[in-house]
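Below is one structure, written out as structure tokens, with a few remarks after it.
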Amino acid sequence: MNIPSIENCDLHNKAVLLRVDFNVPIKDGEIRDVTRILRALPTIQYLVNASAKIIIISHFGRPKARDNNLSLKNVIDTLSQLLNKKVKFIDDCVGEKVQKAVSAMDAGDIILLENLRFYEGEKENDANFARQLASLADIYVNDAFSCSHRAHASISRITEFLPSYAGFCLQDELKYLEKAVSFKAKPITAIVGGAKISTKIKVLMKLTEKVDYLVLGGAIANNFLSFSKVNIGKSFFQNGVDDLLHNIVETANKNNCKIVVPEDVLVAVNSDYSTSISRKTESILDGDIILDIGSQTLSTISSIIASSKTLLWNGPIGVFEHSAFASGTIGVMKIVSDLTHKGKLTSIIGGGDSLSAISAAGLTDKDFTYVSTGGGAFLDWLSGDEMPGVAALQKRLD
């Protein structure tokens, strides 16, 4: 894909507005997964070495108003430690305080601004807010693939006001995902998990046209089991989507894509998540809640993956946050990692929950061919949808 790269511009002593994705999971004040911060480091370090003045912007969570729990101040210490360099935090995004801080910067300095989503103009893709952000810098760099499916002020609108380029993380994401969706190395298996099937209808339709096996997990699998007249007890599923499921099944049959759903499951009874009970799918009871795949399904999925050349994975297979229901997700993760290390499988994994699952399995992104930082962005890319952030950069070449 042809997009402008930061390697093709003069950065010396220039103020660079760098859009990253520091929307990292935090619990009890601790960052649980630093993957997204790590992915931004090569671009930040490149800008430092090029003697630029780096102004970092990001969103964090989904605040409805200013909220200290969702302040980017929470990541400043970790960022400084990883860079081995002092990063100054400014508790605003625009305005006089920020302008003064930028004016005082020397080449190689780094400042981190406050959460973009504390401002309504960000999600509204507001031109005035984008213009205010742009006034801080000489150059804009997008290094947030995971946000580039959003038409937000700091992602797409801002490119109207500044020379705009892609950072290394964004470039890497596009390179690997373009390779993945070329669908050349067959057989291809896709694993799709998660809660709401309605958010993944488009990508499921696309995948049934391209892959050999579509493995379903999570509540999405519950929907398909229910559609097949299997009793799913009290398990979570989405109502009113049977017509969509029918279309997916028809498309899969037409394209010789085998849809794989659990043949056995691990369930909780009476919402007791501390203990799992194994059931064949035909033996699920009315009070059961399906929270993971069973051992036979894990074996089936393992065999399918072992026969594949390419794997695409979005969303966990089970509720891995509870140890009693983590064996499916972690088991498949370890099989995929092993085959990847042996050079037998190209593995592309995407989605915020997937990053957490990798950590839960005691693995890192180095154990797979590529781990995308994107969730919705990953799905949109697989679906073939235009991504506003990427399209905005491409327009700069016109």
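Note that Cβ sites are derived from N, Cα and C of the backbone, with glycine treated the same way.
Values in this document were obtained by computation on a predicted structure and should not be read as measured data.
In the three-state DSSP classification, ASN23 (substrate binding site) falls within coil. Taken from Swiss-Prot, the feature substrate binding site covers ASP21, PHE22, ASN23, ARG36, HIS59, PHE60, GLY61, ARG62, ARG117, ARG150.
Taking a C-beta cut-off of under 8 angstroms and a sequence separation of 6 or more, ASP353 (ATP binding site) has the following same-chain neighbours: GLY194, GLY315, PRO316, GLY375. What Swiss-Prot lists as ATP binding site is LYS200, GLU321, GLY351, GLY352, ASP353, SER354.
Cα of SER354 (ATP binding site) to Cα of ASP21 (substrate binding site): a span of 16 Å. Spatially, by CA atoms, the binding-site residues LYS200, GLU321, GLY351 include one closest to HIS59 (substrate binding site), and that is GLY351. Taking a C-beta cut-off of under 8 angstroms and a sequence separation of 6 or more, ASP21 (substrate binding site) has the following same-chain neighbours: ARG36, ALA40, SER58, HIS59, ALA144, PHE145, SER146, CYS147, THR373. Note: the Cα of LYS200 (ATP binding site) and the Cα of GLY61 (substrate binding site) are spaced 21 Å from each other.
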